[in-house]
Amino acid sequence: MKAFFALVLLAIAAPALAGRTLDRCSLAREMADLGVPRDQLDKWTCIAQHESDYRTWVVGPANSDGSNDYGIFQINDLYWCQADGRFSYNECGLSCNALLTDDITNSVRCAQKVLSQQGWSAWAVWHYCSGWLPSIDECF
């Protein structure tokens, strides 16, 4: 009986632990609500599409330097967030696990910091997003 209840609790908690998948418009609206300039939203949604397919819970495979990328914007753990048991410059001052939650606030704030320090080209997928992009106007 205890095992049954444990399974029920796990089943209830699993969606919360798994993160969530957004779509282009829901991401644009949430980022706008967090104060991201509207003229940047098409670029951010493009980056999120190509980096994580809008999934908040993604941890990328190891990079050539052994680092990993986290969350909807695939933020690197060598420079921007603290992974368990590994050195990091942790410029965003947060755990990498904070980038994997349903609440995208930490991911957005950290991504904005990356942008302010390194520009859009900090994302390897930027070449997909640097030209014409579909308008996000229909999202609002």
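Each Cβ is built from the backbone N, Cα and C atoms, and glycine gets one as well.
These numbers come from a predicted model, not from an experiment.
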What residue among Cys92, Cys129 is stated in Swiss-Prot to be the disulfide partner of Cys110?
Cys92
Going by Swiss-Prot, tell me which one of Cys46, Cys96 is disulfide-bonded to Cys81.
Cys96
Pick from Cys25, Cys46: the cysteine that Swiss-Prot pairs with Cys129 in a disulfide bond.
Cys46
Cβ packing number for Asp69 (active site), 10 Å threshold:
24
I'm trying to understand the geometry here, so how far is the Cα atom of Cys129 (disulfide bond) from the Cα atom of Cys96 (disulfide bond), in Å to the nearest whole number?
25
Check the domain 'C-type lysozyme' (20-140) for me and report the mean pLDDT.
97
